[in-house]
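Enquirer: When I checked TrEMBL for this same protein, it listed these features:
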TRANSMEM  40-60  transmembrane segment
TRANSMEM  91-109  transmembrane segment
TRANSMEM  115-137  transmembrane segment
TRANSMEM  195-213  transmembrane segment
TRANSMEM  219-240  transmembrane segment
TRANSMEM  252-271  transmembrane segment
Amino acid sequence: MDLLSAIALGVVQGLTEFLPISSSGHLVIGQHLLGWKEPNIFFDVCLHLGTFAAVLIVFWKDVGGLVKGGCAFAADSFKGRFDLADSNKRVFFLVFVGSIPTALMGFFGRHWVESLFMSLPAVGFNLLLTGTFLWITRYAASRTTERTSGGTTWRHALIVGIAQGFALAPGISRSGSTISAGLLVGLDREWAGRYSFLLFVPAVAGALALEIGDVDWSLVAPVPVFGGTLAAALTGTVALKLLLKTVRQGKFHLFAPYCWAVGLIILLSQAW
């Protein structure tokens, strides 16, 4: 892959990872347009590393609190205590619970997910599903009771985590599914967005851990990989800030028509 193609895919990744229109789905589309015949999973994971950097830039305080909460939670566990009064420990616990379904679904469904990276019809169908999830959130905007981290239970975390697990399939937006699930179980808009991207941290770390051992380093071109990763980080930072503003304003569902349109175009083009 040449540098310009890598940067182009990095820009696509940065924009679509955070906007609820499925980064993996758009990467599959981009790979087909560029003539790739095999799924380049390692390059995809490296682009996620770039958007991981964007999350650290925007949520550095939250990620720092997550680390502190994890250390405190571990210390309490060794002492036989289970106290979630501290906000950092509670957020860590919720992220931990929400990550369990993703880890299990990723581990057991890994090869099935990789096979979907060659299927444009699957991407088209999943984009239609993503658009439906987004559209339904407009009805969550009328809720009078909204939960922050203090009112979020392990059941809510589990539901959001399951939604993230389904987003392993290309065409299902990770941010779209997790934020939609959060809003539908009654989470506060701002907290739903924050929680979604705190869940992103261990998800990407897990993906890197799974894929790094399977890489044939002789086939990795460092310059295009670096260029794509940097492009994903820069555009991802801008897209993430835009998304959070959209969620706070209760306009998350406005991305649905785009997902429907792209999904239908893909399905019609494959059936033609």
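Glycine is treated like the rest: Cβ placed from N, Cα and C.
Caution: TrEMBL annotation is automatic and unverified by curators.
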Enquirer: Using a Cβ distance cut-off of under 8 Å, indicate which of 40-60, 195-213, 252-271 has the most pairs with the transmembrane segment (115-137).
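Expert: Against the transmembrane segment (115-137), the leading stretch is 252-271.
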Enquirer: At a C-beta cut-off of under 8 Å, are there same-chain residues at least 6 beyond the transmembrane segment (252-271) that contact it? List them, or none.
Expert: 19-22, 25, 29, 120-121, 123-128, 130-132, 134-138, 171, 173, 176, 179-180, 183, 246
Enquirer: Return yes if the transmembrane segment (91-109) and the transmembrane segment (195-213) have at least 3 CB pairs under 8 Å (sequence gap of 6 or more), otherwise no.
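Expert: These two stretches do touch.
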